[in-house]
Amino acid sequence: MQEDLATKVMHHPFQCIAGLEQGDRQFLLAACGVELLAYSIAGRKVASKWCSGITDSVAETVNSHANYSNERPAKKQKIDNKTTSPPSKIISIRSSPDQCHVVVVTDDKVIYVLNVSPNGAFTEISQRAMPKRPCAVRILPDSSTILIGDKFGDVYSLPLIVSKSKDQSAQAEAQEVERTAEPAIFKPSATPLTVHTKRNLRALESQKKQKIVTPRKEPLAFEHRLLLGHVSMLTDMIHATREVDGKTRRYILTADRDEHIRVSRGPPQSHVIEGYCLGHTDFVSKICLIPGSDLLVSGGGNDWLGVWDWPRCELLAKVDLRKAISHLPSSVDEKIAVSGMWTVPVAAQTDRWALCVACEKLPALVFIDCSALGDGSPADTAVTVFKTGEAPVLDVTYYGAKAGCTLLALDDRRFDGCRVRAVQVNGTVDDGETGSKLTISEVDTLGEPLLQLSASTGTVEDNTALDSFLYTTANLRKRGGWDDENEA
Amino acid sequence: MGGPPNKKQKREEHRNEAKAEGELPKKKFYRQRAHANPFSDHALTYPASPSQMDWTPHYPSFVATKSEVKPESDAADEATTPRLDRQLEIADIGCGFGGLLFALAPKYPDSLILGLEIRTSVTEYVEQKILAMRAQAKNPSVQPNITKLGPLDEDTKPPKSELNEDTKPPPTNPDPSPTAVSPSQVPGSYTNISVLRANTMKFLPNLFPPTSLSKIFLCFPDPHFKTRKHKARIVSPGLVSEYAYVMKPGGVAYTITDVEDLHLWMCSAFRGSGGLFEEVPGDVWEEREGEDGLDGGGKGMGEAWEAEVREDVRIMREETEEGKKVTRNGGQKFVGVWRRVADPPWP
């Protein structure tokens, strides 16, 4: 597909999309490279654009936060208030439940919070640099706290709105520490008594003679709290609530590369583990809650998706993903890596949902009727595969819960290709003879202007670099087989 | 023809040759560098979940008879996984060459004790030694390495249920293996201990069901001095949550190290666990004069429990290889004892 267009310019796909509704105005938020667009669906035009990394008058003061927060200042930001950080690609966008804010995460580990006006205009209100690359961001239902899971395995909570006074005192503290303390002389924790071999004893003595200076490590200069940590690399994180005895209980569910799905209590008791959903034999990359139920669906490197009763950590069923996609030519020998899972509404039916599953680099989406989950393995008829031509699916969102319009962001880099497609999920009801079925149909609500949008923003210089930016899930598979002798 | 066999050859020969039954393995052929990276994807095997783990090869004396098998909620696993007649209760995380395991075995002959170790050759050593010790217990005449014995008893195993405070092993001697007591007199005959090569940091929840362990020992863990390596420490705020998860309320976690910095770090991890662990103060577990298990003056948890804790601490201090090394070098030992309390109520 792309070989014969070598002479034509490649266009950057929309790597993340999200929906936002302000009153009766619906917007499609789409990230294209380093830019974020707000596209008004009714008005059929781009309402505003935002680009990462730019310093404006609001960001001037917060940029210095980022400088203090970065552990490795040499890379992009100098310890110098005047330098702006270069634009960095967006890796995640989330709209807040109250639909007034958008949280944007970029490749350089910075969390931006943007305010969205009823007209769709963006105003950047904060930038915070995290110590490690975030892999999952959620905004709590009260729209005031953000949960961030990072690759290192930690989950943090941050306030959505940066409180100026609190952060200023945190920043002042950090500055104070920086100014008054001398760089610490390294003092070994080991003593001659704790060292047990001759060679180590010699090393310890030479350490004492040297004057090694530990570079000062700046603490994060904004309000944050560490909630829990996995030893393994975290891949996904979601927040859940349940009603028990009339009270709301909050939970955090985390998935990691070592096949674990952990169910922990929500803040402030996140150190209490309620249970583990164990059963996967390969990395777990995505977990998804099914609305209106106690079901959790998980996917990763296995050929199957797990359907769990998550409060009881019980595996109820496995959905054979391999079977569902086996007729697609591109999938036959490839190992599965689930790259996305979303629940989208079934058109014109309240409280009926479809689970939508994307596998990395596969030009198709698997739709599963959620009402068929939880009673053992879903019947074949409950699983529908929708092909997207030759373009893999990057992200899925929906707007208008009743009308049920689902939007798919596709990796189509042709200049006349379609990067956002609108479909509708229709569900037939089980009439006793044929089971309930889902059909996916193309919808034309967005029309020409969106296709034009697809064609205009952002170009691609390096296809391979873009591939390694977009497609990282398969890398989670462990190579293993390291010989301990070699390692020691 | 080279010259005489080199080190590697001798090591392989010793490990691979069929040993006479009951012959103890020699430590020098099993040494491996102390530091293994817990974050690497070793070629480890581990069960997908605790119910899928078959422990019967480890504890063949405790295989459940048909009538003892309890109905499990997971029918598929029940059908295929052989079961033991009881759950594992005591874990030695980072057991090294097994000193603690062999000392604990006769103390708790009715409890299953598991040593976990990430290094391959060290695990092999412990495996071989357990097999040897068990064989010696079955057949007392096969004891080539033991020199310090008195007259042997008849080959009768003592009843497993007896454990008096009086039958302590004789005073320790520099030899690391408890050879001063004839293995056939050892309660349990070492059938209740085993070792597993595992990465505990990552796969603890895969091995142990929740609230199953009554004791965890963390002896002389790798200090990982550098700040960026602190995450590799076997005790950290995140891991304390996992230890709490696999432990019964009322269970006890024991830590010991000779590095004061590490001790302070571990204490703050257990203290900062949001109320999952309660510190057991030094005046409870410090050794007492003329201790014979029935001292008065215990508080709260009962005298028998406190005496047991004191004995566990004494064993941890004195019976591990590292502990003995530290004593020889004149170093200090810092002990921590933590009792798992019930989960806090939901807000």
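Just so you know, glycine gets a Cβ as well, placed from its N, Cα and C.
As given in TrEMBL:
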ACT_SITE  B:D222  active site
BINDING   B:G94, B:E117, B:I118, B:N199, B:T200, B:C219, B:T320, B:E321, B:E322  S-adenosyl-L-methionine binding site
COMPBIAS  B:10-26  compositional bias 'Basic and acidic residues'
COMPBIAS  B:154-168  compositional bias 'Basic and acidic residues'
REGION    B:1-32  region 'Disordered'
REGION    B:136-186  region 'Disordered'
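This view paints the features noted in TrEMBL onto the structure.
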residue: B:G94; record: S-adenosyl-L-methionine binding site; DSSP (3 states): coil
residue: B:I118; record: S-adenosyl-L-methionine binding site; DSSP (3 states): coil
residue: B:T200; record: S-adenosyl-L-methionine binding site; DSSP (3 states): helix
residue: B:D222; record: active site; DSSP (3 states): coil
residue: B:T320; record: S-adenosyl-L-methionine binding site; DSSP (3 states): coil
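Cα to Cα, B:E322 (S-adenosyl-L-methionine binding site) and B:D222 (active site) are separated by 11 Å. Note: the CA-CA distance between B:T200 (S-adenosyl-L-methionine binding site) and B:D222 (active site) rounds to 13 Å. Ranked by Cα separation from B:D222 (active site), the binding-site residues B:G94, B:I118, B:T320 are led by B:G94. Annotation for the recorded positions B:D222, B:E322: lowest Cβ count within 10 Å of the residue's own Cβ, B:D222. B:I118 (S-adenosyl-L-methionine binding site) has a Cβ environment of 23 other Cβ atoms inside 10 Å. With a cut-off of 8 Å between CB atoms and residues at least 6 apart in sequence, the same chain places B:G96, B:G99, B:L100, B:C219, B:F220, B:I256 near B:T320 (S-adenosyl-L-methionine binding site), listed in sequence order.
The Cβ of B:G94 (S-adenosyl-L-methionine binding site) lies under 8 Å from the Cβ of B:L116, B:E117, B:I118, B:T200, B:L218, B:C219, B:F220, B:P221, B:D222, B:I234, each on the same chain and at least six residues away in sequence.
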